[in-house]
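Trainee: Quick one: this structure, given as structure tokens, is what I'll be asking you about.
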Amino acid sequence: MKLSDGFSMAVNDIRKRKIRTVLTVVALSVGSFLMVTMMGVGDSINKGASNLFSSFGDTKQISVQPEKYDKVSSPVNVTVNTGNSSTSTTTEKKEDKFKKIDKDTLTKMSKLDGVDKLYAYINSQITGVDIEGNSGIKKKSTNIVGMSFDFDYKTDNEITYGNELSGKNDEVVVGEKYLSKIGITDYKSVIGKKITLKVEFPKINGVEIKKPYAIDGKVVGVAKGKSDFGNEILASDDLVNKIQGYYEDKDNYLSEKGYSGVALMAKNEDGVKPITDKIRKDLGYSASNMVEMLDMVNSMTKVVKSILSVAGIIVLLVASLGLINTMTMTIQEKKKSIGVMKAVGASKNQIRYIFIFQCLVLGLLGGLVGCLSSSAAIYGINLYMKSVASTLTLTLNINNVLIALGVSVVVAFFAGIIPAGRAAKLNVVEILSYE
């Protein structure tokens, strides 16, 4: 008997027992349906998380903090892109971990292989501003970022009015959102105007802790509201050095404490990790990049995807018990046929192949029905999400479909081994005498 004959016999048996076949296929298809759907949910979570983290900054950017690199107990860095600078917060920040970033350090970083650009900045806060020709300005605090002009600096066309900072110490760029907060809606009107940056400590019980401080500048540009600078003020590092020096009671904050951070731009993504390693190991600074964070997120979401897929696998395993029962009943019904085949010379393996083929066909049918129905369901859900203007979608991946189909067939194969083995071991004399 040829293998093709065994396959034909298996298909004919399936056709004869339509109700039993349909019920078995439905049970297997539910597992495949769940697998494809759950893996799609996992892929959607992965995609959403990756997009979220990618929005925090350029994947070619490396953020350096003024901290010593500690491989064992380095804190978790959360890097928030602030235009070409980046502000980093840490879960732990101790004075003994501080490591100053000075001009010499910046020069060394700029000369690392693969570095395209370097942006050094100093962060501080102001409590309010006065702008020439504008009365009744609301008192609103905001972050002020001082950029170093010794290295590359540009705001990537994020200026909506006026110009970028040219390097003069008194120049200032103000974000549209901040102007709106303080009551100015004609953004263009502030270009070329004198701006007074004010800083003051809060009073305690009406007592002034420290005299307020003010420094004048000139507005040369307005940053787009949707840009990373939209709610901030940009200035030179020299100007912000004076403001931060007021807070810290230091005549020259930069010379003592250095820069708040550095953003390095690699020439390509492949150079991000090597540059990060050099900064950590050779220069001894804590550094982070989006590539590492995305890798970590992808690893976590893969675990989530695997856990979700288990639901479908469990259903398939339960369905396999039904398949074993179906095949056992089929063998009981075909005892006479098995006896005749053995009597005319069919081997144990040939008998075994017939029932294994039958299981494989059922597994394939269940997998196809489940995969097709899940694909249709995902397509329908995505159409609905699109109609309600939702950005949430389920991912339909051909790899997920193939995996679910493969698992369905494999489960069916193993489910058929036991009953097929029993059929192969049946004694031809006992069968024929009984029948």
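Including glycine, each Cβ sits where the backbone N, Cα and C put it.
Just so you know, TrEMBL annotations are computer predictions that nobody has curated.
Dumping what TrEMBL says about this protein:
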type: DOMAIN; residues: 21-280; note: domain 'MacB-like periplasmic core'
type: TRANSMEM; residues: 21-41; note: transmembrane segment
type: TRANSMEM; residues: 307-332; note: transmembrane segment
type: DOMAIN; residues: 310-427; note: domain 'ABC3 transporter permease C-terminal'
type: TRANSMEM; residues: 353-381; note: transmembrane segment
type: TRANSMEM; residues: 401-421; note: transmembrane segment
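Map the listed features onto the structure and describe their local environment.
Mentor: Residues 13, 17, 20, 23-24, 27-28, 30-39, 41-42, 338, 355, 358-359, 362-363, 366, 404, 407-408, 411-412, 414-416, 418-420, 422-423, 426 of the same chain sit 6 or more residues outside the transmembrane segment (307-332) yet have a Cβ under 8 Å from a Cβ within it.
Beyond the ends of the transmembrane segment (353-381), by six or more residues, the same chain brings 3, 6-7, 9-11, 13-14, 21, 24-37, 40, 319, 323, 326-327, 330-331, 393-396, 401, 404-413, 415-417, 419-420, 423 to within a C-beta distance below 8 angstroms of the stretch.
Counting same-chain residues at least six beyond the ends of the transmembrane segment (401-421), those with a Cβ under 8 angstroms from any Cβ of the stretch are 28, 31-32, 35-36, 39, 312-313, 316-317, 319-321, 323-324, 327-328, 330-331, 351-356, 358-360, 362-364, 366-368, 370-371, 374-375.
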